[in-house]
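Here is the structure we will look at.
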Amino acid sequence: MRFFATFFLLAMLVVATKMGPMRIAEARHCESLSHRFKGPCTRDSNCASVCETERFSGGNCHGFRRRCFCTKPC
């Protein structure tokens with residue numbers, strides 16, 4: 001019985017370490033269509049740099065029409 005309890009405790013410890021650290025809840029991000037980006041949005045990095053000039057924290061290309069959407073924490 002003692003062996004089983006030790007084995008069970010070690011198994012639980014291994015399972016707990018495999019789960020990894022708890023994630024902290026992330027802030028929500030608000031999106032807005034960029035007013036200064038021109039042309040089709042093909043690279044997220046170009047979109048993000050234009051959005052930073054519009055006082056946003058970043059930007060991504062979205063949708064079928066590949067438009068630039070700026071993001072910031074709400």
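Cβ from N, Cα, C; glycine included.
If you look up Swiss-Prot, you'll see Cys30-Cys74 (among others) marked as disulfide bond. Under DSSP, Cys74 (disulfide bond) is assigned to coil, being neither helix nor strand in the three-state scheme. Cβ neighbours of Cys74 (disulfide bond) (same chain, under 8 Å, six or more residues apart in sequence): Ala27, Arg28, His29, Cys30.
In sequence order, Cys47, Cys61, His62, Arg66, Arg67, Cys68 make up the list of same-chain residues 6 or more apart from Cys41 (disulfide bond) whose Cβ falls under 8 Å from its Cβ. Swiss-Prot lists Cys41-Cys61 (among others) with the feature disulfide bond.
According to Swiss-Prot, the feature disulfide bond maps to Cys47-Cys68 (among others).
For Cys51-Cys70 (among others), the entry in Swiss-Prot reads disulfide bond. In the three-state DSSP reading, Cys51 (disulfide bond) counts as helix.
Taken from Swiss-Prot, the feature signal peptide applies to 1-19, supported by sequence analysis.
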Neighbourhood of Cys70 (disulfide bond) by C-beta distance under 8 A, where only residues 6 or more apart in the same chain count: Glu31, Ser32, Leu33, Ser34, Cys47, Val50, Cys51, Glu54, Phe56, Gly58, Gly59
